[in-house]
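A.B. asks: Below are the structure tokens for one structure; questions will follow.
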Amino acid sequence: HGVSFLLSSFCIVPAQMKLCIIQFANAEDKQEFSKYPTKAGRRSLSRSISQSSTDSYSSAASYTDSSDDETSPRDKAQVNTQGSSDFCVKNIKQAEFGRREIEIAEQDMSALISLRKRAQGEKPLAGAKIVGCTHITAQTAVLIETLVALGAQCRWTACNIYSTQNEVAAALAETGVPVFAWKGESEDDFWWCIDRCVNTEGWQANMILDDGGDLTHWVYKKYPSVFKKVRGIVEESVTGVHRLYQLSKAGKLCVPAMNVNDSVTKQKFDNLYCCRESILDGLKRTTDIMFGGKQVVVCGYGEVGKGCCTALKALGAIVCITEIDPICALQLCVELAVIMDGFRVVKLSEVIRQMDVHTNAEQLDRMKNGCIVCNMGHSNTEIDVASLRSPELTWERVRSQVDHIIWPDGKRVVLLAEGRLLNLSCSTVPTFVLSITATTQALALIELFNAPEGRYKQDVYLLPKKMDEYVASLHLPNFDAHLTELSDEQAKYMGLNKNGPFKPNYYR
């Protein structure tokens, strides 16, 4: 399940302003310096003195920050060096910066590069026309360029309005991949970009790679004839998988789909380890707070929740967890030794009496003054942001992805990324972990596209365990790890093939 969590029991204290006096040797130096004060200098008067959370070369702050150029990319006429205008990005001139980001990502995505080299000669995706809707980051760019190297034609858009790295989108557009995405899209922009990816003359998608289900939903609703001809859908998020199962249950899923989210490698590495590292990055960049002694409520103890709890506790936070599943709750109690390690399993109603923190629409106004609210789930519905749009409440922008929600009595809470996914909206995530998910997605696309007729029916399938294990094996050389091989006698006793798979298909 998607995980949202809330922090309470601390105050937001503005940093002391510092005065910097610059002396110039002569009038010419002063005149030269005066040319450069820009909007950024003026904006700093209304922002925190700390810029570290937004001025880094990452998805948290792209080279082309939206505030630097108010012109919508939809209103710009841009052409890449090949003469193509089939894209819509913030600034195509930033392609060189994006290429450097992609090259850095490639260094820690050796498994995907290895897959690219192994299969490049065979072109297993020749003829595939893939329309994708994912986070557009340097890591995703490595995946997209791998798909192209394997023979696919790709058109791409973003699944999150805040997570796009503008320079990376420009780099992809420069290579000829039609990309329609930029950081800070409006809701209307978001759906316009999806439509531009799907609805183009002389090109029709036959594969879908989705993250959240919005692209799949759009094609299903707006272009049913295209949807029926799609050979396969690959979905990586719990939200999108849930929507696919709903379609399947209703008998409306007319194409096979691969559930990548529940693959072992995705669950154990992306959901657990990626969130464990990126949650603190996102919170630190946006709030600059110290976590020692802070009281934190984590809603949900799945793999994402486990990663968040481990990271927060390591920095000295007092962590409470809510959970609807008795198995997950028992696992938490036993494995983490509740009392000794400082974790508590609670109901939100119990926590409210102590912390005044909740995500329910009826109780948002009971949060403590200064509470920080953020979301680690995919969609923007885990936190009821709509109720915070009440005319009685005032929104005040603090900095990029940070808003104060102010009540009539002066109380305020801090909302991050407008309730959307924190880590990719406000920070970066570990490249190596994303390499695992990207490799899984690539293999799932290859499998569905090349599967003989009849292997997959109109239903949702888990990634075959053989592929899951292959993804893991591709990443072992990074650690100089060497697998032990079963003897014939051992394999016979265990009823396994010596080369795997070693887990049943239902294993998660």
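Quick reminder: no glycine exception, Cβ is built from N, Cα and C everywhere.
Annotated signal peptide per TrEMBL: 1-27, in sequence order. According to TrEMBL, the region 'Disordered' annotation covers 33-82. Taken from TrEMBL, the feature compositional bias 'Low complexity' covers 46-65. The feature substrate binding site is assigned by TrEMBL to THR137, ASP211, GLU236, LYS266, ASP270. Residues or ranges marked as domain 'S-adenosyl-L-homocysteine hydrolase NAD binding' by TrEMBL: 271-429. The NAD(+) binding site annotation in TrEMBL covers GLY302, GLU303, VAL304, GLY305, LYS306, GLY307, GLU323, ASN423.
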A.B. asks: If I take every residue in the domain 'S-adenosyl-L-homocysteine hydrolase NAD binding' (271-429) and average their pLDDT values, what number comes out?
C.D. replies: 80
A.B. asks: Pick the one among the binding-site residues GLY302, GLY305, GLY307 whose Cβ has the fewest other Cβ atoms within 10 Å in this structure.
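C.D. replies: The binding-site residues GLY302, GLY305, GLY307 were compared, and GLY302 has the fewest Cβ atoms within 10 Å.
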A.B. asks: Provide, as an integer number of angstrom, the distance between the C-alpha atoms of ASP211 (substrate binding site) and GLY302 (NAD(+) binding site).
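C.D. replies: So the Cα of GLY302 (NAD(+) binding site) lies 19 Å away from that of ASP211 (substrate binding site).
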A.B. asks: Rounded to the nearest angstrom, how far is the Cα of GLU236 (substrate binding site) from the Cα of ASN423 (NAD(+) binding site)?
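C.D. replies: With distance taken Cα to Cα, GLU236 (substrate binding site) is 16 Å from ASN423 (NAD(+) binding site).
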A.B. asks: Given the binding-site residues THR137, GLU236, ASP270, which lie within 10 A of VAL304 (NAD(+) binding site) by CA-CA distance?
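C.D. replies: Close binding-site residues: ASP270.
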A.B. asks: Rounded to a whole number, how many Å is the Cα of ASP270 (substrate binding site) away from the Cα of GLU303 (NAD(+) binding site)?
C.D. replies: 9
A.B. asks: Please give the NAD(+) site's span as the largest CA-CA distance among GLY302, GLU303, VAL304, GLY305, LYS306, GLY307, GLU323, ASN423, to the nearest whole angstrom.
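C.D. replies: The two farthest binding residues have Cα atoms 22 Å apart.
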A.B. asks: How many Å separate the Cα atoms of GLY302 (NAD(+) binding site) and LYS266 (substrate binding site)?
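C.D. replies: Cα-Cα, rounded: 13 Å.
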A.B. asks: I need the most crowded of these binding-site residues: GLU236, GLU323. Count other C-beta atoms within 10 angstroms of each C-beta and give me the top one.
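C.D. replies: Per the Cβ count, the most surrounded site is GLU236.
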A.B. asks: In angstrom units, rounded to an integer, how far apart are the Cα atoms of GLU323 (NAD(+) binding site) and THR137 (substrate binding site)?
C.D. replies: 32
A.B. asks: Neighbour count first, Cβ atoms within 10 Å, every protein chain included; then name which of THR137, ASN423 tops the list of binding-site residues.
C.D. replies: ASN423
A.B. asks: Please report the Cα separation of GLY307 (NAD(+) binding site) and LYS266 (substrate binding site) in Å, rounded to an integer.
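C.D. replies: So the Cα of LYS266 (substrate binding site) lies 13 Å away from that of GLY307 (NAD(+) binding site).
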A.B. asks: Record lists THR137, ASP211, GLU236, LYS266, ASP270 as binding substrate; longest Cα-Cα distance in Å?
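C.D. replies: Overall maximum Cα spacing for these binding residues reaches 18 Å.
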